[in-house]
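Asker: Below: one structure in structure tokens.
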């Protein structure tokens, strides 16, 4: 597929970045993330309206993640020869359809169908996001373009829940999803206007997705991705009980800590391109090492509110390097099969998020308050060591 990519990255694409297309992709990603997490702040009215429990309504988030994991694995096999411009438009249509189905849902089954449509769009879009980016900008600009996309993710993660809750009180949960559908329509038009034709992979160049794992350093990279994201979710999923019981934060104080984390994450994402230009491997090894030290500091001295707040800020700044860094690794080291590598990466991250949260919860309930921190720190340290020893990196 290397010849395919080279042939289809025209002279303009190589020398001049298409920022309008990059920002349209970033906006689409932000909309997907916002819609993914809208139910978190709307569970109570959704459950009451549909006559189900909040726990059952919460499965609308679970089904999205579950479908996204499988969609990410198989989407590139399905769309091999299709122009990626039409594929992205299809994902934006699925986003819009999902919002409308949820808005008009009169049963739990229809709600799940709507959320499954979102999962298809979410998993598919993430699977091809890295390869899309590398076909829209010159190679040296890829980290900057990825930082724009992940910056949009950071903003979406910060505003999704509070925005959904605020608007839900004003206009009702169904109209919140109607408004999200309007964002989906805007995505469709922006993509049609800005995204150029991006031919798919010719049939004679098809390759089994999982054969990529046989390449030197790729399996190590995917294991490192798994451990870093599992470590993140082992800690961050339980930041509320840890910070409220260990450091003594109240609800208002915790809100400020989470806001500080979100702002730091956005800043870290914005600065990531400058760091990754110097050394991707150093960033991918250094970031989890700093996080391992942060987990140790919080375990030992987390009862001090200043220390705990500082760790949250450092964590947000540092972890922001990891998703951008691994996407950059794919665009450089697996450029000839970036879509398939992206598919595996998304599935690994979804699995890691689930496992990290589950094991962290078990540790919290059965070992002690700081056990999620120790688990997270151990996984981050192992990630740093694995990246240093085994992960291969090609220069841009």
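Backbone N, Cα and C define each Cβ position, glycine as well.
From Swiss-Prot, here are the annotated features:
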TOPO_DOM  1-21  topological domain 'Cytoplasmic'
TRANSMEM  22-42  transmembrane segment
TOPO_DOM  43-54  topological domain 'Periplasmic'
TRANSMEM  55-75  transmembrane segment
TOPO_DOM  76-85  topological domain 'Cytoplasmic'
TRANSMEM  86-106  transmembrane segment
TRANSMEM  108-128  transmembrane segment
TOPO_DOM  129-147  topological domain 'Cytoplasmic'
TRANSMEM  148-168  transmembrane segment
TOPO_DOM  169-175  topological domain 'Periplasmic'
TRANSMEM  176-196  transmembrane segment
TOPO_DOM  197-215  topological domain 'Cytoplasmic'
TRANSMEM  216-236  transmembrane segment
TOPO_DOM  237-255  topological domain 'Periplasmic'
TRANSMEM  256-276  transmembrane segment
TOPO_DOM  277-281  topological domain 'Cytoplasmic'
TRANSMEM  282-302  transmembrane segment
TRANSMEM  306-326  transmembrane segment
TOPO_DOM  327-343  topological domain 'Cytoplasmic'
TRANSMEM  344-364  transmembrane segment
TRANSMEM  367-387  transmembrane segment
TOPO_DOM  388-396  topological domain 'Cytoplasmic'
Asker: Count the CB pairs under 8 A between the transmembrane segment (306-326) and each of 108-128, 176-196, 216-236, then give me the winner.
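Answerer: It is 216-236 that shares the most Cβ pairs under 8 Å with the transmembrane segment (306-326).
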Asker: Averaged across the topological domain 'Periplasmic' (237-255), what pLDDT does the model get? Just tell me the whole number, please.
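Answerer: Mean pLDDT for the topological domain 'Periplasmic' (237-255): 83.
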Asker: With a Cβ cut-off under 8 Å, give me the same-chain residues at least six positions beyond the ends of the transmembrane segment (216-236) that come close to it.
Answerer: 242, 284, 288, 291, 295, 315, 319, 322, 326, 329, 333-334, 341, 344-345, 348-349, 351-353, 355-357, 359-360, 363, 372-373, 375-380, 382-383, 386-387, 389-392
Asker: Please work out which recorded stretch in 55-75, 176-196, 282-302 has the most C-beta pairs separated by under 8 angstroms from the transmembrane segment (86-106)?
Answerer: 176-196
Asker: What is the three-state DSSP composition of the topological domain 'Periplasmic' (237-255), stated as helix, strand and coil residue counts?
Answerer: 13 helix, 0 strand, 6 coil
Asker: Take the topological domain 'Periplasmic' (169-175) and count its residues per DSSP category (helix H/G/I, strand E/B, coil), listing them in that order.
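Answerer: Output for the topological domain 'Periplasmic' (169-175) reads 6 helix, 0 strand, 1 coil.
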Asker: Quick test of the contact rule: Cβ under 8 Å, at least six residues beyond the ends. What residues does that give for the topological domain 'Periplasmic' (237-255)?
Answerer: 298, 302-305, 307-308, 312, 356-357, 360-361, 364, 369-370, 372-373
